[in-house]
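Quick look at what TrEMBL annotates:
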- 40-59: transmembrane segment (TRANSMEM)
- 95-113: transmembrane segment (TRANSMEM)
- 133-153: transmembrane segment (TRANSMEM)
- 159-177: transmembrane segment (TRANSMEM)
- 213-235: transmembrane segment (TRANSMEM)
- 384-406: transmembrane segment (TRANSMEM)
- 412-432: transmembrane segment (TRANSMEM)
- 444-460: transmembrane segment (TRANSMEM)
- 480-502: transmembrane segment (TRANSMEM)
């Protein structure tokens, strides 16, 4: 009789509440020299969107390169302040706060408004348009602060389970695929080498030097290569768009940026208020809590062909929520309690208020790409992020130095996005370890949310590319059409809402299905006081937790 084969001794990987392998977690800063290098690396990564957003908007407003340089400096200055506030009083996570693409659609709507189109003097048009944007941002900030500080967002986040968090975090990174290789391909001769040289497995050292400073190494090498191509007149007879993407001397910033410029409140004059524009900005503030940025290539398309009656939005809380979850994972912290996410969202609202007061053409959100950089370096230290905020403020004041780094061609930065957005997406998939993947309910919710998260935005993207009207949703009210279109163009928003609805309605009261969704493990992290480790990661400084206790 044949012997019974021995059972396979291999066991599944154990569940990890805190991600192992992080060398410096939130409260363990690296040595000062290393911290400064890592902080500078985070600062360089913020330049991509800090330069791109004003470069898209300011020329449409009638502004010159001088105004564009000042708006970029203002956006960096306010981003530095907001990053400090978020790390000190918000979530306390190593989150970098940057300008948000979520506000770009309602901003363009204001820029193309008929009342500004009649202005013939470009300077007057720029000033008055900026004042209109400031007013809308200020109103939107009040709405977001109410949502965050009064606990409305906290009550919403408590409905999440590990199963519904998966699409939220995964599409926070995956939904930004338009900002990856398509932008690299705008100048393939520098973008593709940047992507290849960035891959950390190419160089191996005893100490993780290349992995930890890969951004600085790769940018320095490819930026020098791009400078050599520019100096050798390779692009002299290329199309204009190719020169803008490839050349290192086409930003117009280095010659126009002042040596020293300190942004100050209402530098463009007092804000003006319009009810419809304010409503659009409030919509943007909601979805950016879902998803931070819209597809950049699509917005390039909009800037060229959008009619003045089109555009609005609804974009700001869940993407930042997804980034908070990813950052806590890569900072080796426990999952973020709902009250901490709500507090962080409230401080993002304060950031939008500062953006409106200073005049920086867009609102704020948590940076997805910087969350991915935490994973690459395996350094989730709060001190590093605070140092990067110092660099943002310093280089925004000393404009010539900041303009030098801002001249890095965008395809080089886009090559980094291909890596970092993937890291954030994978952090969302990491929450599947707490779910039962052998459950057909789990498979249905994941499959349906992922598919609809891709399919529904694709329909609205095709609709938006046509004549901006659809017999299915066109209502005759521009603001309503714009809000609907922008919400449903957001991959993270659609996927998260579908997953949340299905998870809450498909037999969630059953103990077995609650266990399948990971709620048996998740519940102890829903309340701040349920886990003693929360004080270590999320407690406010200066004994402020006693004055403002978290729930």
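Using N, Cα and C of the backbone, Cβ positions are placed for all residues, glycine too.
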Contacting positions for the transmembrane segment (213-235) when only residues 6+ beyond its ends and CB under 8 Å are counted: 37-38, 40-41, 44-45, 189-190, 193-194, 197-198, 200, 242-243, 246-249, 373, 376, 408-409, 412-413, 415-416
Tertiary contacts of the transmembrane segment (384-406) (same chain, 6+ residues out, Cβ under 8 Å): 24, 29-30, 35-36, 38-44, 46-47, 50-51, 69, 72-74, 76-77, 79-81, 83-84, 87-88, 94-96, 251, 253-254, 256-263, 370
Other parts of the chain folded back onto the transmembrane segment (444-460), taken as Cβ under 8 Å at six or more residues beyond its ends: 163-164, 166-167, 170-171, 175, 485, 488-492, 494-496, 498-499, 502-503, 506
Contacting positions for the transmembrane segment (133-153) when only residues 6+ beyond its ends and CB under 8 Å are counted: 103, 106-107, 110-111, 266, 268, 271-274, 277-278, 280-282, 284-286, 289, 316-317, 339, 341-353, 355-357, 359, 361-363, 551
